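Visitor: Okay, handing you the structure first.
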Amino acid sequence: MSVMNETLGVTVTDCLAFRFVVGSVVTGVLCLMGFAANTLCFLVMWRDRHSLSMSLLLEGAIVADTTVLWLLFIGDSLPSLEYILPLLQGCSVACRSIRVVIAPMLFFSQTCVVWLALAVAVTRYVALCKPALSTVLCSIQCARRLLAAIVIASVILAIPVTFDANVTLQGQIATNKTDAVYMLSRDHWYHVLYWDIATTLLACVIPLLVIMYMAGKLVVILGSLRKIPCSPAAEYAAQNSHLTHMLLALLVIVTVCYMPTVTLTALRWTDRQTDTCGALQYYLHTISRLFLAINSSTKLFVICLFVDTFRSNLCMHVRGQHVGKNGENYSVFGGVYRCGRDMSEMTLISQTDNTA
């Protein structure tokens, strides 16, 4: 139960209503819709008969997004429903107890989402600006290694979160106020140094700054290549501009949706109380979870908006129709590919050239 802030004229009922509407109804619906959308998006990419580095990295991001949505639904949406559904009475206590598991898993998934977005941005930058290196850095083998490295690094970063969640839980249930664990859980600078600086900077702030830089570079590159219409790089950029625009939209969404989380972290440096009804941190905590759900549930709509071939493939998969013919396969991101003996090596055929 939240503490009432009488100085702001806010009652507990007001806070519970806000948490129910935003945390349970809106965020919960987004989580369920996002799960369905991400499942469709993943199936379309996974059933694609060839593999591209961008497809693999986006598949990993979709899996991470889906994990974020489920954890938000279990950890935030369900507990708020106990105030209107008698069957869920005591849910908040149970969810607080399993937060030792939910917190590190959610942090792991969020870290994967941010770093995979950065990996896709770097891959796109190399494909546009460093074509000589793209055969190596944009290969499916490199994407697999990069995906494995991000997963391993996210697991390592989640280890301190597991310890912190356990300390917080033990501090909440401790009866001895002089216990060392209780004192540590109440120590402000422990949380600032251990959580805000050492963990959040590496997992969120630094990659978001690099993402904003890469997004700016891609915009500048697109503008400069249009001024050289006869160059091979400009021709490639024009043929694949839909991919770059799609990526820019995804990067903007990631950056905007993680800003409330970064802002909440900065505010916690002065006051860590997020359960005080009427306080800014109380509302920002719920809003930050809402924005996380928005970020993790919009990939299908963004990809369908910018990539016509993906939208067509999605419709064909929904109808149960076969994609591709005569040994050819239409890429979900555009172009026709012919499969060779080695499934890791594909030959791109022009969409208008059916003789190759």
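Positions of Cβ are set from backbone N, Cα and C atoms, glycine also.
Grabbed the feature section from TrEMBL, which reads as follows:
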TRANSMEM  20-44  transmembrane segment
DOMAIN    37-303  domain 'G-protein coupled receptors family 1 profile'
TRANSMEM  56-75  transmembrane segment
TRANSMEM  106-126  transmembrane segment
TRANSMEM  146-163  transmembrane segment
TRANSMEM  192-225  transmembrane segment
TRANSMEM  246-267  transmembrane segment
TRANSMEM  287-307  transmembrane segment
Visitor: Pairs of Cβ atoms less than 8 Å apart decide it: which stretch in 20-44, 146-163, 246-267, 287-307 has the most with the transmembrane segment (106-126)?
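Guide: Stretch with the highest Cβ contact count: 146-163.
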Visitor: As a test: from 20-44, 56-75, 146-163, pick the stretch that has the greatest number of Cβ pairs under 8 Å with the transmembrane segment (287-307).
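Guide: Selected stretch: 20-44, with the most Cβ pairs under 8 Å.
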Visitor: Please give the sequence-distant neighbours of the transmembrane segment (20-44): residues at least 6 beyond its ends with Cβ less than 8 Å from one of its Cβ atoms.
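Guide: Distal contacts: 59, 62-63, 65-66, 69-70, 72-73, 76-78, 80-81, 83-84, 286-287, 289-290, 293-294, 296-301, 303, 310, 313-314, 317-318, 332.
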